Every structure is written in structure tokens, then in C-alpha cells.
Amino acid sequence: MAEQESLEFGKADFVLLDTVSLEDFMANLKLRPTRQQNIAVIPSRRWKVRSLPHVFVHHEQGEISSVPPVDTKLCWWSGGNHDSQPGLSESYPVFEKGRIYSYIGEVVVSVNPYRAMNIYGRDTIEQYKGRELYERPPHLFAIADAAYKAMKRRNKDSCIVISGESGAGKTEASKYIMQYIAAITNPSQRAEVERVKNMLLKSNCVLEAFGNAKTNRNDNSSRFGKYMDINFDFKGDPIGGHINNYLLEKSRVIFQQEGERSFHSFYQLVKGAPESLLRSLHIKKDSTANDYIKVGGHVKSSINDGADFKAVADAMKVIGFTTDEIQTVYKILATILHLVPYLVLMLCLGYLPALHCIPNVHKRRSEGNLKFGSDGDATLIENTKLVAVLAELLSTKEENVEKALLYRTVATGRDVIDKQHTDKEASYGRDALAKAIYERLFCWIVGRINDVIEVKNYDARIHGKNTVIGVLDIYGFEIFQNNSFEQFCINYCNEKLQQLFIQLVLKQEQEEYQREGIPWIHIDYFNNQIIVDLVEQQHKGIFSVLDEACMNVGKVTDEMFLQALNGKLAKHAHYTSRKLSPTDKSLEFDRDFRIRHYAGDVVYSVVGFIDKNKDTLFQDFKRLLYNSSNPVLKAMWPEGKLSITEVTKRPLTAGTLFKNSMISLVENLASKEPYYVRCVKPNDVKSPLLFEYERCKHQVEYLGLLENVRVRRAGFANRQTYARFLQRYKMISEFTWPNHDLPSDQEAVRRLLQGCGFEQDAAFGKTKVFIRTPRTIFSLEEQRAEMVWRGTIARMRYRRMRAALTILQAYRRYKVKSYIREVNARFRNVGSMKDRGRHVKWPTPPKVLRRFEEALRNIYNRWWAWTLIKGLSPEEKLQVKAKVATLECLKGQRADLGLQRAWEGNYVKRDTPERASSFTLVSSDLQRKDKFMRVLFSCNVRKINRFNKSENRAVMITDRHLYKLDPLKQYKPMKSTPLYNVTGLSVSPGKDQLVVFHTKDSRDLIVCLQGMVPAGESRIGELVGTLLSHFKSEKRKLQVNIANPIQCSMNGRKCTVVVETKINQSQPDFTKSRSGYILAG
């Protein structure tokens, strides 16, 4: 557990400090990652440490030398003769134990170790998987697991905000967090989820290559802001994601600070690409054989660009970039390398030593591969061969490239003219083109990744709620020797994030006590809202003043913008300039202004603010790239299709776009449950051996970490909802285990704490319990551990009992499997048997499968029946259905059902062929009249009329009516009864052919089928089955009675029909009786 770490490493949670002061905080911060050792000194004013353990020292004269590693460690010495050790002001501890993480409640404080550490492997992941924050020593994995559990348990979106200055380790922290989330998800190893996880991880590699660069503070500094949403399904497995990028520092393409490099992608291409690819891009590593690229000496770097090139190429293929798309990316990078100035190009390739080592550096700054000269008033391209190379790389015409570089098309009313550039304008256009192409390439890559990883076809009603974990990795606070528009935007971004931290951690912490009704004394903290307003306030903020300057008609200079700032912000406490502070010689007149940020004072140079905010790129370049024959490049520039005379809305400035994106980002983060990682940078030389006290102290102050500790300590170290508290600790008390019967969860928690003796150390809010001291939590955890151990012993006993049951179950499974295999073996080839397996004997099942055997037999019988009827015609299937209905109704009730013969249905024509034509004519007339579909049954019958006399008649039953016909009058229709009036049938159990049709109006029809050919054929079964099948198809019920005597109604009068057998009577006939009728036959 975190609290049980040895004191040798300090307190794992700053809330546990005995006293809270800046000195105590710093002392604990040093103990976490460091331990005191002997030290040596290096004069900090004359030496710059480049890398360790071999330290490359850059002297004032520009020489580079190497200092070998020594047994003693290094620290800064504040001044004086470096041979004089008494000048050492303090002994700073050095890294050894590797405890780089600590907590402030639920905030992780991370100190960059500047070395590889074996604390991120699979074993470590398993230690933190599913654990609470305080159950293991502080770690990034703990906060990642907490965010994942919050998302999964409470079905609530969460986010992890990683903040700190440049070089503090934010990018690495974000990668480890994503690594952890990928490792703990998808336990079922679903292929689609694995694919999504792989693409999410690979996207980091690609974005770092194109968006990160080596700076003086960081070898892998993010030069853009990245916020990634990872989408999870209802099971907690990642199913996609989305990446938002913010303000790529595209000016780095054409200019870098001393000792820095451009984006990694350029180095990777030149140092890692095969020779064939470089030749196709007109780039050669041999400086003597290349007219376009010349290189100088090599600068030390810890980055392996050659290996990274292959890793990025593989990652792009995994993500889904096509071969043509990857080739287009290389062509765009090569285009920029051919465009940018010569000196900057050398920096891009990583071959240039420090700038001030080269004479006339500022003079050579404007020279380049693409050079412009003049011939009188005309501007010319000096190295014209390069135009052909650019045209080839951009898949466009050479003359179009040359025209776009030298001319600008201007629309004046209806006229369109080509205005030639001056040398300066042409150079500006070249640089703007290089920056714009790279920025558009980067945004296209982000969009292409989003197309692949975004969740598609997700329906919450089908798949469950889609939840999100957001990971924010954005540039840290920056203070350079020359701070321009990019640093201003970056630092504004960090002000917004600090404001969010204050809002959610410090302000809401205190508001929560008030909301829960807990007594509380307010603690003051610095709220940087005043600085945020200074930058983004409408009409008065710096962005608004900058936009006003950019919209003014006429030539507007950076100096005029500074004058406007001085006029509007003269009285602002956090803004000043040389005009407002004439005695401050650290500021230049008409160039510099200073903002007092939460992280310290930063001096900004206004040079370039206007141009960078306008972000102007001549429309000619957009049309040039849109008309490229390369479809990938063409798609990057849709605005190029606009006509030169077409009037468009003024685009938003770069500053306004960035401000809007930051406001949207903060709103998005505020809508989620936030978790924080606060990164601290121990030194400025990227050394794993140095811990600069003042440097870290400054970061602790401006990050507000001490105030965070005070708020947590002055209030309550731990708070949980009542339900969550009970879920974890209910096994401690008899009143709450396994479930309580108290009026509320609050009462249950109160009773639990009373039983443990901790009621005085707790406060009970409306929805949460607040624990004041961590010792109470530790004690509860110990009691819980004891109960868990007792539960473990009980489970062990239970497992032994279950083992015996498992053996029995295994035997039962064996018997079941044996039976299934035997059934399978016996019935495997029944489909090819003549009788479809009717002769196969079923094996005897075990008792547990007796009902299963019945089900199997039913399934087999149904299959056997299906094989019999699958080849029948529709008419034959109707017969089968009718016979089935007869069998279900009359089986065991009558002896002869006629199932062995074919059922014809319409027997009148067959029995009396001499009158068949008359019957056919009458049935056709009735079909036209009554619109019936088919004849179900017809037969000659003997019936009783209303005068109680017997007569020969014929009945014809269709799908709509029951007809009574007179065979002596050419089958003239005598009466028809709608079939819906027929309510039932009655037949006798004997061999006679008596049928009684019951009707709704109590006028039953009593008939006896006769005249069968061959004689003695039984048709009762056919009649009953046909009618039953027809009624069933119409979803109506037909009642069939089998009785002797039969109860019926004649003309509304109840009567009975009795069947009697007479030996000497050849034909059946009806006679009158006292109770009704007698059928003798």
C-alpha cells in the first residue's frame, strides 16, 4: 500500500505531511525521487551541459569539448571560481530510488527522471489493475486505472489532464497512460478491439513524428496540442477514438531557436529513407553531389532518426495509409526541404553546430535553396532548376510554379492583373508556402487517422452507452530567449488549463463542503482568471486588440499593435511595456511587452505578431496546389477552387481560432470527471543526476500544489459516497454485512464508524461521508484486510468442498458427452438411409438427459416428417395437412379414416360421370356468382328434408359456402349456407357415413354420404380433415364431436340421430323416431 512505504522515500501523499509549508513540501519532493550523496560542482554561468554521462560543454568561444563521467555527481554552483568549493550554496540530492510519483489526494505529481525506468512492464500493470489509488505506491497507472474504473463503474465520461512546463514529461506520461488502458482492456481478445487498440497506439508514433521536435528543454517536445478521446463500449473495451489538434508551431519549419531542430519528420526522411526514395525526391546525403542540399557538422542527439523512420512508416501502414498517400507525404516533406532557406535546411538535417559558431549568421539567414534575384525591376529565381524539381514533387506544371512564386494575381473590380513580387515579397511567399504546406499536411494526417479510428455505425440502443476517456497532452508553459506569437498562444493555453485546475480542484473542493453542509473555513488561493481575461476578454483582451489591428485598412505594423496594447492595458496589473515602465531596461522600446503569468513573467516580442495572426497565404499558391494532378494533395486544398473574383467572408484570424478552440476544449474537459497529472521538471539540462531546488520550487509555487495540499488537509483527506463506502467496508460491521436493514446508507455508515470508534473523525454530508485523517482510512483498510483474509480462509474451505463436487460434475459431463457421442454415431448417416433412420435404436440416456432425449426424439421426428413433405407439390401439402388434422381429431375414434388413399375432394364428377358436365357448369356459375376460390369437398348424399322425408341430394363445400344441390335437376342449387355460419361437425364412431353440420341458426344439416365409387369407401375422415385444415388456415375454430346418438337441431327443434345397423339393408336411409331420426344401414 502507498502509505506503508518506507520513510526513506518520503511520504507517498503530500496530504500526510506532519506540517504544511513550502520547505516541508520541497523536502518530501526531494526524498521521493532522490537521496543525498556527495557532489561536485560546475560553474553554471560559463558551462552548458549537453548530455550525460558524457557531458558536452559549450564554451563561450564556441568550442565543443567532452567531460568524461566521474564518480562524484554533478550539481549547479551559483557563481565564482569553479575551483573554489566554498562557494557552493547547497548540496542538492540526486536520483537513485526511482520514486518519481507522489499524490496530493487524487492528483499525481510526477518528476521527470530523464532516464529509462523499469516500472512500466506487464508485472507493474497487473499490480495496479483494478486497485484503488491508495492500495499501491503512487504511479501513473493508478490514476489511469482510477479514470477507467470511474468510466466503467459509473458509466460516466472521464479525462486525464497532464500539465507542466515543456520538458516535464507530459508526452511520455500520456503514452504510458494509453499503454496501460490498452493492456487492461479486451480480456476476451476480440480481433476488432485489438485492431482499434493497435491503431490508437500507433497514432501516437505518427503524430510525434510530424508534430514533435527537439528543443533546448526537451528532445521530444510536443509542438502542437493533442486531445484524444478513447471511446469504450458497455463492456469497457475500446472501440474507437477521436483526436483534436491545436496550434501546430509551423514557424519551426523555417526558423528555430539556437540549438533546436525542426520537426522529427524531416530528419527521419533524410537519415532513414532508402537511397532510391531520396533520389526520387532529389535529395542526396552526399553534399558534393547535391546541388540543392548542403550539409555541415553533426550535432549530438539522443534520437535515432533512422530507426524512427521505419517505425513511422510501419505505423502509417497499420493505421491504413495507402502507398500513394505515404508517397505524397514524402513528396511534401521534400518540397519543404527544397523551399526552406539554406541555413535553416542545415538545421533541419541536424548537421549544423551552434549558430554563433558560424560567421555572418544573420546575413546568411535570408539565403536559401530557392533564391530570388532582380534584373532591373523584375524579380527572378536564381536557381531555376529547382522550379522543375518543385513542379515534379507537387505534380503540377513548371510554369505555374514559377508564376505563383514570382507573381500575385489581384482582382480590381472586373479586371484581373498579375502583380510581380519584390524580392522581399517573394521570400515571404516562399516561407508562407512552406509553413502552410506543412500545417495542412499535419491536419490532413490527423483527419486521416480520425477517419480510421472514429466509431462507426454505433447505436446506443443496440450496443449500449458509449463512454469516453479523454487524454490531454498539450504543450507546456514556455519561456524562451525570444518569445513570439506561438509562445503567447501556448502560455495562454496553459493559463486556461490552470484556471480549469483551480476551478475543479481548489474552488470546487471548497464548494463541495458547502454543498454537503460541512462546516468550513475558506482558504485563499491565486485565481488566474484575471490573466485569462487579459488575453481573451472581448474588446479589451490582447486577442481582440490584435484582431482589430489586423482588420485595419492600410499598412499596420507590429509597433502600432503594441501602441494599441499600451493604450488599452496601461492600468492592468499583469501587463507592462517599456513605454509604461521607462526605467525597465529589460524591455525594448516599440518591441517588447511583459505579462505576469501564473508561472512567471514572460517578455514577448511583437515582431511578427500581425503576420502570424493574419496567417496570410497568397491565393495563387492555393490554386496551384488545388490544380495538382496528385489527388491526395488536391484534396488538402479545397479552397483553391474559388475564382479570383469570388468574394469570400473574411476568415477568422489564427489567434481567434486558437482562442475558440481553447474555450471549447476547457468546456469539454469540464463536462467530464477530471484526473490530474502535474509534471515537474527537475533541471534544465535533461540530466538524470540533478535536482535544482529553486527550479522545482518555482514550479511547485505556480502550479498551486501547496494550496492543493492545504485544501485537502484543512478539510478532509478522503470523501466517498455512502454507497461506495459501504461497498468497500461493509464486511467490517455486523450491522452492514452482507446488507444492512437501516433506514438509509448514511445511517449504515454512521453505525459502521461508531462500531470502529471513528465517529469523531468523520463528518456526514448529504450524499458523502468525509474522513478527516488518513489514519482512519488506514485503520479501516487494515480491518478490511483482516476480514478479507478470514474470507479467504473460508473460500479455501469452500474450494475443497467444491473440488469434490467438481469431480462429480466431471463424471456427469463424461456420461453426458458419451451419450451425445453415441447418438451422433448412430444417427450420423440417417440422411442417406432409405427409411431415414426409423430402424435405428436409440441409446439409453442417463437420468439427467431423459427430458433431453424426449426433445431430441421430437426434433428427429419433425426432421423425418420434413424430409417426407419437402418434395410435395402445394396440392399434396394441402392433403397432408388435412390428413394430419383428421388424425389429430379422429385417431382412436373411428376405424377407417381413409388415410391410405389419395384424397380428391371433388367426388361428384367421379361418382356420376354421366352428369359431370352439368355439375361442372353449375359449379362454374356459382364460382362467378359467389367468388369462391376452390371446391374443398363434394359428394352425393342422403338427407332429411323439412317434412322428415329422405331425399337424394349432393353437397358441395367451397372455401366460402356449403351448397345443397339437386342431382335430379341437373344439380340445381337448392340452398347455400355461408361457411362462417357452420360452427361444428358431428360424426358417429362407427363405419357409417353420417355427418351433421351444425349452424348458428340451429338449422343443422343431417346427411349421409352415399354413392361412393368404389362402394364402401369411407370419406368421413377426408371431410372432417379438409374442413378442419381450412378453418385453421383462416384462424377459426371448428368443433368436431364423435358420438352416437348425435344431438342436433332441426328447424330450431332439438332432436337426436341414432345409427343402427341392419343386415338386409343395402343402402343407408333415415327414418323418423320419437326423439328424432334413425340412420339404418
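Using the three backbone atoms N, Cα and C, a Cβ is placed for every residue, glycine included.
Annotations in TrEMBL come from automatic prediction, not curation.
As the structure is a computational prediction, the values presented were derived from the model and not from experiment.
Taking the Cβ of Ala168 (ATP binding site) as centre and 10 Å as the limit, one finds 26 other Cβ atoms among all the protein chains shown. What TrEMBL records for Gly164, Glu165, Ser166, Gly167, Ala168, Gly169, Lys170, Thr171 is ATP binding site.
TrEMBL lists 95-785 with the feature domain 'Myosin motor'.
Annotation comment: TrEMBL describes 892-1081 as domain 'TH1'.
Counting only same-chain residues 6+ beyond the ends of the region 'Actin-binding' (662-684), those with a CB under 8 A from a CB of the stretch are 29, 33, 95, 104, 106-112, 114, 140, 143, 146-147, 150-151, 154, 156-170, 173, 177, 217, 225, 227, 244, 246, 468, 470, 472, 476, 492-493, 496-497, 499-501, 503-505, 536, 690-692, 695-696, 699-700, 703, 705. Annotated region 'Actin-binding' per TrEMBL: 662-684, in sequence order.
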Report task. Starting from the Cβ centroid of Gly164, Glu165, Ser166, Gly167, Ala168, Gly169, Lys170, Thr171, which together make up the recorded ATP site, report each further residue of the same chain whose Cβ lies within 8 Å of that point, ordered by sequence. Result -> Asn112, Arg217, Asn218, Ser221, Gly476, Cys679, Lys681
Query raised in the report: For Thr171 (ATP binding site), which residues in the same chain are close in space, meaning a Cβ under 8 Å from its Cβ, but six or more apart along the sequence?
Result: Glu208, Asn212, Asn220, Ser221, Ser222, Asp473
Query raised in the report: Same-chain residues six or more away whose CB lies under 8 A from the CB of Lys170 (ATP binding site)?
Result: Ile162, Ser163, Gly164, Ser222, Asp473, Ile474, Gly476, Val677, Cys679
Report task. For the region 'Actin-binding' (662-684), jot down how many residues DSSP puts in helix, in strand and in coil. Result -> 9 helix, 8 strand, 6 coil
**Report entry** Cβ-Cβ neighbours of Glu165 (ATP binding site) (radius 10 Å)
**Finding:** 25
